[in-house]
Amino acid sequence: MDLIRRLFTAALVAGVLSGTAASVVQQATTVPLILEAEKYEVVTPPPATSASPAGAPAHQHGPVREIGEGVPTTLDEAMQRIGLTIAANLLTGVAYALLLGAAILLAGRPVDARRGLVWGMGGFVAVSLAPAFGLPPELPGMAGAELELRQLWWLSAAAGAGVGMAALAFARNRLVIAAAILAAALPHLIGAPHPESAEGAVPPELAAHFVTASLGGAALFWAILGATCGWLMSGLVRETESRPALRVQPGAR
Amino acid sequence: MSSMTTRSINSVGNSATRSAAQTAVAAFAAILLGSFLLYGVGFAQPQQIHDAAHDARHSFAFPCH
């Protein structure tokens with residue numbers, strides 16, 4: 001139980017710290033771009049039948065927005081939106097920190113803040129860079145293939161990259177390494193699902209800016225997450241290191 | 001080199017008290033909860049969850065719409 005408690009504590013702290021940092025960076029970088037992009041997003045009206053109870057004013061029939069009209073918000077709505085985004089970021093941080101912490105524990109190698117930073121960069125490559133190679137971070141209003149297909153491809157690209165990097169770092173069997181590299185490459189060889197025609201309403205400059213902002217923020221997020229995980233788990237893994245693979249081989253390195 | 005080898009052998013011996021099973025259970029619990037949270041925040045599609053996590057999903061480049 002002690003091991004679980006300490007692992008979860010490390011993940012909680014790492015997740016909250018990285019999620020907080022991501023929230024600050026996002027409000028300055030990605031969120032303004034999202035709000036800007038929503039001006040170009042045309043909301044399709046709901047089915048006409050339910051929209052008008054008797055006596056409702058005519059202009060409330062459907063939330064149809066014209067391109068360029070923007071998203072009307074009050075201060076309360078804006079604060080609520082920021083608060084929910086922060087909460088989601090903290091949850092994302094804790095979720096990823098739990099997964100990274102489990103990977104560190106399973107690898108059984110000693111960690112500290114610096115090695116944790118390397119683990120964090122691995123996480124960045126797995127869930128940010130590798131999926132973005134096929135599916136660029138997208139703004140609202142951009143054209144995209146069917147959501148479930150993209151989610152599935154995203155997951156396979158992230159999992160494949162994670163498995164590939166873990167095998168390159170820790171596996172000894174060449175067959176295992178080859179299979180893991182294939183798993184990492186396969187989603188990209190198959191290709192990400194894309195819409196038949198890329199006709200989004202968002203200006204390309206906005207979309208390009210968003211890609212760099214999203215990846216940059218994710219890199220910082222993962223650096224903090226990994227370093228904190230490594231730091232807080234330094235005592236944990238040293239006590240549990242039990243893998244035969246750790247044995248020092250004379251002449252190795 | 002020989003001292004490092006000795007130390008690693010010692011550590012293997014010590015860790016018998018904290019078994020591989022304990023490590024596996026802790027890692028499995030973390031993977032389970034982490035996956036559950038990640039699914040909720042990044043992938044679940046009920047409208048309210050989607051709306052609440054909307055800006056975070058876009059910023060972290062989860063497929064959102």
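Every residue number used here counts from 1 along the chain in the order it is shown.
For all residues, glycine too, the Cβ spot is worked out from N, Cα and C.
In TrEMBL, annotation is done automatically, which means it is predicted and not curated.
The annotation signal peptide is assigned in TrEMBL to A:1-21. For A:45-64, the entry in TrEMBL reads region 'Disordered'. Among the features that TrEMBL reports, compositional bias 'Low complexity' is placed at A:49-58. Sequence annotations record features per position, and here TrEMBL assigns transmembrane segment to A:82-107, A:116-133, A:153-170, A:175-194, A:206-233.
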Ranking A:82-107, A:116-133, A:153-170, A:175-194 by Cβ pairs under 8 Å to the transmembrane segment (A:206-233), which is first? A:116-133
By Cβ distance under 8 Å, which residues at least 6 away from the ends of the transmembrane segment (A:175-194) in the same chain are close to it? 130, 133-135, 144-146, 149-150, 153, 156-157, 159-161, 163-168
For the transmembrane segment (A:153-170), what are the same-chain contacts with Cβ under 8 Å, counting residues 6+ beyond its ends? 103, 107, 109, 122-123, 125-127, 129-131, 133-135, 176-177, 179-181, 183-188, 190, 192-193, 245
